[in-house]
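Here's what TrEMBL has on this protein:
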DOMAIN    1-155  domain 'Neurotransmitter-gated ion-channel ligand-binding'
TRANSMEM  156-181  transmembrane segment
DOMAIN    162-424  domain 'Neurotransmitter-gated ion-channel transmembrane'
TRANSMEM  187-209  transmembrane segment
TRANSMEM  221-243  transmembrane segment
TRANSMEM  255-271  transmembrane segment
TRANSMEM  408-432  transmembrane segment
Amino acid sequence: MQTNVWPTMKWIDYQMKWNPSDYENIRTIRVPPEKVWLPDIVLFNNADGNYEVSFYSNVVIESNGEMLWVPPAIYKSSCIIDVEFFPFDEQTCAMIFGSWTFNKNEVIISYLGNKRQVELNDYSESAIWDLMEVPGQLIHQKSKISYQIKIRRKTLFYTVILIIPTVLMAFLSMLVFYLPAEANEKITLAISILLALVVFLLLVSKILPPTSDTIPLMAKYLLMIFVLNIITIIVTVIIINIYFRGPTTHKMPPWVYSIFICKLPLLLMMNRPQNVNKDFNSKKFSLNSSTIQTKQNFKPGKFIEMNKTKKYFHHPNCSEFIEPLIYLQKQEKHKQRLRKRRMSQPVVTPAPFPSHRELGTEDSELLNDQVLKAMDAVDCITEHLRRENINKKIREEWRFVAMVIDRLLLYIFFGVTVGGTIGILCSAPNIFENVNQTQVITQLKRSAEAEMKF
């Protein structure tokens, strides 16, 4: 601690007494310090090795032998700093003065004018510290005097430069869980915040003195956020892995489905959108008993009845019906056969499209085989669509599980961050106390004046 002080020392030298009437009524003289005896009062806990004052001023001598010496001095004293509550810390630094060569029987040190407090008439306010109290304490055994300087750090600079950005980054790290997994920026955001925290840790390490006794308050808070950010990166990797899982690589355990799809969404107030293909999922596209009977005992007339009564399969994603296309295809082949017969016969009597009863056995069997193949193809297509829809549903369930974990961790990290911020920062004493330095100095001056009266 560096201080600029004017130590005021008074003593009585019996050799310097005179009668003012003998010397033209001269009562006060000023002499160079090397001409008289000076007490060797030094600062014991100095930090630069310079024990003496920086400038030797003249000594004021009264006719009654009373001598006054006020040399200006700039002291650098050692002070044990307690950084536990930085930047809301309050330090007590001592300045111990005493004689270097005389013991307590030869030089007795006492308060000047019975003032325990330091005179603050020429005090200049500091831009970093607020002066709270400067009481003095006599050490009679070693004939020393100690002044305990109580100072409190001004927090405005550190609040704006260090605390507010750190708190904002702490809450910004929670947005990693609100960012969608498909955005592919969750890890990038978490690592960027981690690098910013490293910069702030380096900044704090440069501001604070190196000590291993206690961990500073701000370092604890930065360390908490650093650990939370590391955990955020780890769980984000796990969430992204869950988000991109599929039915071909992973099978969802029943307990995962029960907890993360059935129970937790209700607690977290998450509404899952309804499945638009619910009807398609519930209906299994397989041939029913009537269709199987038609395939086994197919008759041409029954094909027409299916067409007339519209008993055919239809998927909502298909734009046209399958069965009418089959019928039109067979009708076109039948017309081609009729054209060949007309060309082979000399006289052809136009006739309407024959009924299925007039078709031959060969045409009936051909039509039967093609219809069965078409129906098998339709069944294969619907089965493929059904499987695709089931796979899509499973992928959506994995994605929903990842979203639920994201939301759950968002709430957990929000609670931990708020609790840690309040618990760590508010544990410092005098955090909400504002110091009016002018009022404190005025009060200390009044206390010093009151001590002089007694």
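Don't overthink the numbers, they just go from 1 along the chain as shown.
Backbone N, Cα and C atoms are what each Cβ position is placed from, and that goes for glycine too.
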Recorded stretch, among 156-181, 187-209, 255-271, 408-432, maximising Cβ pairs under 8 Å relative to the transmembrane segment (221-243):
187-209
Folded-back contacts onto the transmembrane segment (187-209), same chain, C-beta under 8 angstroms, at least six residues removed:
81, 83, 86, 162, 165-166, 169, 172-173, 175-176, 179, 216, 218-219, 222, 225-226, 229-230, 232-233, 236-237, 240
For the transmembrane segment (156-181), could you work out the same-chain residues 6 or more beyond its ends whose Cβ comes under 8 Å from its Cβ atoms?
87, 189-190, 193, 196-197, 200, 203-204, 218, 221-222, 225, 228-229, 232, 236, 239-240, 243-244, 399, 402-403, 406-407, 409-410, 413-414, 417, 420-421, 425
Contacting positions for the transmembrane segment (255-271) when only residues 6+ beyond its ends and CB under 8 Å are counted:
397, 400-401, 403-405, 407-408, 411
